[in-house]
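Enquirer: The structure follows.
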Amino acid sequence: MALDICVKVAVGAPDVLGDCPFSQRVLLTLEEKKLPYKTHLINVSDKPQWFLDISPEGKVPVVKLDGKWVADSDVIVGLLEEKYPEPSLKTPPEFASVGSKIFGAFVTFLKSKDANDGSEKALVDELEALENHLKTHSGPFVAGEKITAVDLSLAPKLYHLEVALGHYKNWSVPESLTSVRNYAKALFSRESFENTKAKKEIVVAGWESKVNA
């Protein structure tokens, strides 16, 4: 039986998957575990009442597990791992926080209007930390040869970074960070990612209001 999941719809396109990286993280988990699912696309700017009834805070993603709607991608991914342990996507605890500061640094740099505020260097520092981790472990993924939950969390964030910074700042991950670039390619080329990614123009549109704020 298919699992029900509510995710963000694309702005201005009622039948197209939106650009929420946290929704994609859960979709990637479902795909990698080969679990059947049914998506319900939610307009987060005009939430239907039935959705607010099941998710009073109005946040996506939410997934129905054992008859109850569950919010928060961290919680959902943890419960999916417990309920459907095979194939395992469990990340070894010592690797769970690898790359965890990249998304915040990306958002700060993307919104920055001051080239000298240090936000670009802060992002590069976080990417260099990921580079060093990937180089000192046996890759291609954070925990080694096998993809795990930490990779599925990072993949959508690195995609947003690549698309949004490329569009708004003509910026890309430095060529010197070969392990990070290869890591992103490995993630983006997976069938699970192709099946769940937002179109580039939708990612660009999703960040427009924040860039121009």
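Heads up, the Cβ atoms here are built off N, Cα and C, so glycines get one too.
OK, Swiss-Prot features for this one:
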MOD_RES   Cys6  S-glutathionyl cysteine
BINDING   Lys8, Asp19, Lys47, Val60, Ser73, His160, Trp207  glutathione binding site
MOD_RES   Cys20  S-glutathionyl cysteine
MOTIF     20-25  motif 'Glutathione-binding'
DOMAIN    84-213  domain 'GST C-terminal'
Enquirer: Which of the three DSSP-derived classes (helix, strand, coil) applies to Trp207 (glutathione binding site)?
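Expert: DSSP call for Trp207 (glutathione binding site): helix.
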Enquirer: Of all the binding-site residues given, namely Lys8, Lys47, His160, which is spatially nearest to Cys20 (S-glutathionyl cysteine) at the Cα level?
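Expert: Closest recorded candidate to Cys20 (S-glutathionyl cysteine) by Cα: Lys8.
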Enquirer: Round to the nearest Å and give the CA-to-CA distance linking Trp207 (glutathione binding site) with Cys6 (S-glutathionyl cysteine).
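Expert: With the alpha carbons as reference points, the distance is 21 Å.
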Enquirer: What are the non-local neighbours of Cys6 (S-glutathionyl cysteine), defined as same-chain residues 6+ apart in sequence with CB under 8 A from its CB?
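Expert: Looking at Cβ-Cβ distances below 8 Å from Cys6 (S-glutathionyl cysteine), excluding near sequence neighbours, one finds Thr39, His40, Leu41, Ile42, Phe51, Ile54, Ser55, Val60, Pro61, Val62, Val63.
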Enquirer: How does the domain 'GST C-terminal' (84-213) divide up by DSSP, counting helix, then strand, then coil residues?
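Expert: Helix/strand/coil tally for the domain 'GST C-terminal' (84-213): 81 helix, 2 strand, 47 coil.
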Enquirer: May I have the DSSP-based helix, strand and coil counts for the residues of the motif 'Glutathione-binding' (20-25)?
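Expert: Computed counts for the motif 'Glutathione-binding' (20-25) are 5 helix, 0 strand, 1 coil.
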Enquirer: Of Lys8, Lys47, His160, the binding-site residues given in the record, which has the fewest other CB atoms within 10 A of its CB?
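Expert: It is Lys47 that, of the binding-site residues Lys8, Lys47, His160, has the fewest other Cβ atoms within 10 Å.
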Enquirer: I want to verify one value. Collapsing DSSP to three states, which class is Ser73 (glutathione binding site)?
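Expert: Note: Ser73 (glutathione binding site) is helical by DSSP.
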Enquirer: Sort out the sequence-distant neighbours of Ser73 (glutathione binding site) for me: same chain, 6+ apart, CB within less than 8 Å of its CB, listed by position.
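Expert: Listed in sequence order, they are Phe22, Ser23, Arg25, Val26, Pro61, Ser153.
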